[in-house]
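The feature transmembrane segment is assigned by Swiss-Prot to 28-48, 67-87, 128-148, 157-177, 203-223, 252-272, 287-307.
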Amino acid sequence: MAMYTNQTAEELETWRCTSDGIFKSQNSIWMKINFVFVFILIFLTFYLSFKAARVLKNHNVYSKGSQILLMITLLNANLNQLIFLEIRIRHLVHIFINSEDPCKIEFHSPECTYDQTIYAFTSVMSTGLLSALTFDRFFALYASTVYVRNSKDSAYMLITVSIIVTVIVHIRTYGGVSRAGYVPSCTYPPQLSLNTYQVVNNAIFWIIMANCVLTIAVLLLNIYKDKRIKKSVFDTKTRYNSFENVLTTKAICSVTSTQFVFLSFSTAALAIIRTLEAGMSEEVFHINIQYINGGVYGNLSIPVLIYLKTNQCILQRRKSIDKMTNHTGTVDSHISSLKTAWET
């Protein structure tokens with residue numbers, strides 16, 4: 001990536017004028033199309049999040065702890081989209097004002113301190129919350145008795161841990177790093193933080209992959225446990241709680257897996273682009289970077305999945321309750337007939 005070098009902060013400050021490739025990419029029609037495309041995705045996220053939050057609040061089918069975690073995950077996704085929207089609007093205005101001046105079309109990195117900080121923080125926080133959702137399902141499976149009584153406390157603890165870890169990662173990545181130099185957009189990290197930034201991105205990829213694998217494992221164990229309960233336990237409450245655990249884990253597995261898919265897409269696409277960078281113009285490189293931002297797609301998928309999976313859970317829950325009610329009635333009548341036959 002041409003804009004990142006091994007230069008010192010003092011040397012980066014002298015590079016006021018951007019390269020011809022970056023200048024062309026900023027003024028490209030494809031960059032303007034990307035603005036429209038991203039704005040549509042972000043406003044769609046806001047609209048669908050309203051619907052998802054309403055169904056979560058009014059028709060909750062999850063434990064209180066899972067509900068809280070899903071709400072916070074939804075809130076963080078919207079905050080990340082909101083700050084991304086602000087960054088992109090600033091970017092668009094900046095391009096229009098400075099479209100003819102290659103020495104003004106880039107942002108001085110200190111100008112991006114606040115919005116880039118919030119954007120980076122909420123991006124890492126989304127991974128922390130996905131991990132929290134995974135551990136929520138893990139606790140529900142292996143500490144079910146304690147979890148049922150303390151699911152809210154468990155959620156608050158997991159959220160607190162997510163925030164603390166995110167703060168530590170953020171300080172480790174950006175703490176004490178000079179914001180010298182110029183960047184095409186405020187989504188770009190400070191140039192002198194690139195090495196640590198890449199390490200963190202790679203770590204996030206593997207963490208989400210681990211979350212995905214663990215959630216699938218918990219889901220399979222839940223399904224296995226549910227089948228055993230159906231065969232050997234006839235207490236309606238126990239059977240229903242087992243069914244609820246499977247439903248909730250399926251929903252959360254969908255969210256985690258989808259985030260992994262989008263991050264994988266973003267990471268793989270970026271790796272391919274960097275491999276081909278030598279034979280690619282700088283203009284094309286920087287335009288492509290704008291289209292492979294997995295975060296904006298992942299954020300959109302969260303309200304979509306919460307809304308669809310919650311409604312699906314409501315329908316399955318209703319069918320299960322009807323089935324269990326009918327089954328209970330059949331068992332009761334069968335036992336009554338056996339008692340009558342025994343007495344006679």
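Yeah, the Cβs are placed from backbone N, Cα and C, and that goes for glycine too.
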Best-contacting stretch, by C-beta pairs under 8 Å, relative to the transmembrane segment (287-307) and drawn from 28-48, 67-87, 157-177, 203-223, 252-272: 252-272
Other parts of the chain folded back onto the transmembrane segment (128-148), taken as Cβ under 8 Å at six or more residues beyond its ends: 63, 65-66, 69-70, 72-73, 76, 154-155, 158-159, 161-163, 165-166, 207-208, 211, 214-215, 218-219, 221-222, 225, 241, 245, 248-249, 252-253, 255-256, 259
